[in-house]
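**Student:** One structure is given below, represented as structure tokens, and several questions about it will come after.
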Amino acid sequence: MDDKKNAPSSDKSKALAAALAQIEKQFGKGSVMRMEDGAVVEEVQVVSTGSLGLDLALGVGGLPRGRVVEIYGPESSGKTTLTLQTIAEMQKLGGTCAFIDAEHALDVTYAQKLGINLSELLISQPDTGEQALEICDALVRSGGVDLIVIDSVAALTPRAEIEGDMGDSLPGLQARLMSQALRKLTGSINRTNTLVIFINQIRMKIGVMFGNPETTTGGNALKFYASVRLDIRRTGSIKSGDEVIGNETKVKVVKNKIAPPFKEAHFEILYGEGTSREGEILDLGSDAKIVEKSGAWYSYNGERIGQGKDNARNYLKERPELAREIENKVRASLGVPELGAIKSDEPVAKKASAKESKEAKELKEVE
């Protein structure tokens, strides 16, 4: 009886092995693999956003490489600042970055203040949406670019709209453009381990009585293809006396395919400086009991580092090694890995398995 039961199973194994042999012959080795062989499942490589609180809210310590990310929010909420900081962090790891400026509004002086090496940054100011997405596709396929930012989806104007008259009605043209581009881009992005960030704007749906009337531009394709979607909002102002020197900012992770979603991060964006990273380290460090706070004094390892948040922040700014040490302890306490250097990014499909797979043995038997 047992032999009869095992016979169909053996036939199925041989049929599967033959099918796998045909697939590998037609599409190349690694087209289909078992998950347990370790050739597919890998630790997600990430790059910091420049905000410790947001890195922690993302669950893996930053934005994932080899994925599409969407950052959206109202005007002057910090979208471009966040992406420029991410570029600066990627450059610190030795990565190559590109900025596709469809809005033709990049402030290079501000980018430099945020720590970006302009001589190493690739920049494009395309004339049409098709041109912008073709440039993005070419850069991704090259495998030589680690991070691409497109600013913004709303500015990706289809060629037909530019060449037409002002009053022409062209419904759904931009949505179709985005849908086609993302279908083409997604596979290449994953193979080359490139992080692609789309900045998007908010529009209001007309006639919505119940629910959220807000929506993003460019149709629904980006919502589906994005592994991470961040909703960034300005919640208040930071003042020094009567002068406004920055914004209080809230970011909600509204979609996350690599960690639990719906977490929030609160941080400060200072004008001309970007995210107050030292301020975040103090706040999150005191929450994790790594930095001691007694009255107005902040202390670390029994040594006082400043009276009042401003003094403590300046102390850490002058001592980046100490700030990094505290940040790594905060990350470790919450189970988020430290950010390391970029590894060699050979396409996943071509990486050899550590052990010979079961399919390989079966294929030998078939042959």
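Using the three backbone atoms N, Cα and C, a Cβ is placed for every residue, glycine included.
For reference, Swiss-Prot lists these features for the protein:
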- G73, P74, E75, S76, S77, G78, K79, T80: ATP binding site (BINDING)
- 345-367: region 'Disordered' (REGION)
**Student:** Cβ distance under 8 Å to S76 (ATP binding site), same chain, sequence separation 6 or more: which residues?
**Tutor:** R234, N247
**Student:** Report the residues of the chain - excluding G73, P74, E75, S76, S77, G78, K79, T80 - with C-beta within 8 Å of the mean position of the site's C-beta atoms, for the recorded ATP site, in sequence order.
**Tutor:** I232, R234
**Student:** Here the binding-site residues are G73, P74, G78; which one has the lowest number of other Cβ atoms no more than 10 Å from its Cβ?
**Tutor:** P74
**Student:** Please list residues from the chain of K79 (ATP binding site) whose Cβ is under 8 angstroms from its Cβ, counting only those at least six apart in sequence.
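**Tutor:** Spatial neighbours, sequence-distant, of K79 (ATP binding site): I71, Y72, G73, D151, S152, I199, I232.
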**Student:** Please determine which of the binding-site residues listed here (E75, S77) has the lowest count of neighbouring CB atoms within 10 Å.
**Tutor:** E75
